[in-house]
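Q: I have a structure here, written as structure tokens, and I will follow up with some questions on it.
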Amino acid sequence: MSLDHLSQQRFADLPLNAKVLEALESNGFEYCTPIQALSLPISLAGKDVAGQAQTGTGKTMAFLTATFHHLLEHPVKTNHPRALIMAPTRELAVQIAHDAERMVKTTGLKTALAYGGDGYDKQLKAIEAGADIIIGTTGRIIDYVKQNIIALSHIQVVVLDEADRMFDLGFIKDIRYLMRKCPSPKQRLTLLFSATLSYKVRELAFEDMNDPEYVEVEPLQKTGHRIKEELFYPSNEDKMPLLITLLEEEWPERCIIFANTKHQCEKIWGYLAADGHRVGLLTGDVAQKKRLSLLKQFTDGALDILVATDVAARGLHIPDVTHVFNYDLPDDREDYVHRIGRTGRAGESGVSISFACEEYAMNLPAIEEYIGHHIAVSQYDSDSLIRDLAKPYRLKPSLPASNRHNRNGAKPFKKRF
């Protein structure tokens, strides 16, 4: 683990509640990341924060630390939730809850998830048991509020994570509905984090926060200076052979392949599964229980490759992703940054390989204008690509055994055509 992404600010030197500090130190947190170093002195003092930082920079622990500290420092006897953390996706909500578990044992505060898809009875049981902190997506939280299962009248902390993504997904009305069910901004601590502090996000902060302080951690470049970016211009008929060939040569330990449509993702998955790769498929049509299982398998190393649509581009907090492939260049230039931000996290390096094919090459100029630099172009020899591809699977079989090997039976040398 690289440490040069950390600041000189020690958690022990901040005015933290002793139980929160114990939880941090027992989990190996000694120094703050830049966003933590900037935001925590403000939020620990009880002041609202609107923070901008890239994904993978420690935003989650920044607001969790502040939330647990605030609740412990301002105890209230109630069976109602005292903190509300809103996220744009189920996966991000689950990840936040997972990270919060690091503090639950030491602090004694209880969390509960609230997201759509499945798990209704389990979620309801946790909420009715007296959760201090509700973590979830806006739609399911509103359902519980309207059914009088959750009361927001005792909320002391409101957190909005990935605020820009909330706007993109059309959740702004839900956010405002929930915020106005909570005590007024002056009676609560409100923390907002976003990859961009756009006009819309700042407007929300102005209307629903109490004179927030803005903190920004500007990256050296939008795509992260530890990510090596590479671009190929394949013909449509070369795309799949090129992907298979690059996987043979790069031999990524853990990679995510993004495509623009569910159909394309299924096609990629079929070819890779037939080729013996341990690969999972993550699209919007995959059932929630299966999605969580796939993410766990990928995180635990049971899967080496995840093929995903942009539904999974935001909110995936998976360590040690070495490679990201853009099989299709995204139509939205910001999605390029969100996609490749899955690698090169927490001070580690990463590789991003993109295909500018006949269908999506038109998206490249807008992407390069947005990230502020040209992506290095690599050439390939079409005659050297692997073309004897196995017939792709069409139905998802059980997880294949680990027979991931190259065509000579061993890990190949690093060789580029």
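Including glycine, each Cβ sits where the backbone N, Cα and C put it.
I grabbed these lines from Swiss-Prot:
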MOTIF     9-37  motif 'Q motif'
DOMAIN    40-215  domain 'Helicase ATP-binding'
BINDING   A53, Q54, T55, G56, T57, G58, K59, T60  ATP binding site
MOTIF     161-164  motif 'DEAD box'
DOMAIN    239-386  domain 'Helicase C-terminal'
REGION    397-417  region 'Disordered'
COMPBIAS  404-417  compositional bias 'Basic residues'
Q: How many other Cβ atoms sit within 10 Å of the Cβ of G56 (ATP binding site)?
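A: For G56 (ATP binding site), the 10 Å Cβ neighbour count is 25.
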Q: When secondary structure is assigned with DSSP, how many helix, strand and coil residues does the domain 'Helicase C-terminal' (239-386) contain?
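A: The domain 'Helicase C-terminal' (239-386) comes out at 63 helix, 23 strand, 62 coil.
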Q: Could you work out which of the binding-site residues (Q54, T57, T60) has its C-beta surrounded by the smallest number of other C-beta atoms within 10 A?
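A: Taking Q54, T57, T60 as the binding-site residues, the minimal 10 Å Cβ count falls on Q54.
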Q: With DSSP helix as H/G/I and strand as E/B, how many residues of the motif 'DEAD box' (161-164) fall in helix, strand and coil?
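A: Per DSSP, the residues of the motif 'DEAD box' (161-164) fall into 2 helix, 0 strand, 2 coil.
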Q: Count up the helix, strand and coil residues in the motif 'Q motif' (9-37) according to DSSP, in that order.
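A: For the motif 'Q motif' (9-37), the helix, strand and coil counts are 16 helix, 2 strand, 11 coil.
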Q: Across all chains shown, how many C-beta atoms besides its own are within 10 angstroms of the C-beta of G58 (ATP binding site)?
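A: A count of 23.
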Q: List, in sequence order, the same-chain residues at least six positions removed whose CB sits under 8 Å from that of A53 (ATP binding site)?
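A: In sequence order, P34, I35, K59, F193, A195, E216, V217 meet the Cβ cut-off.
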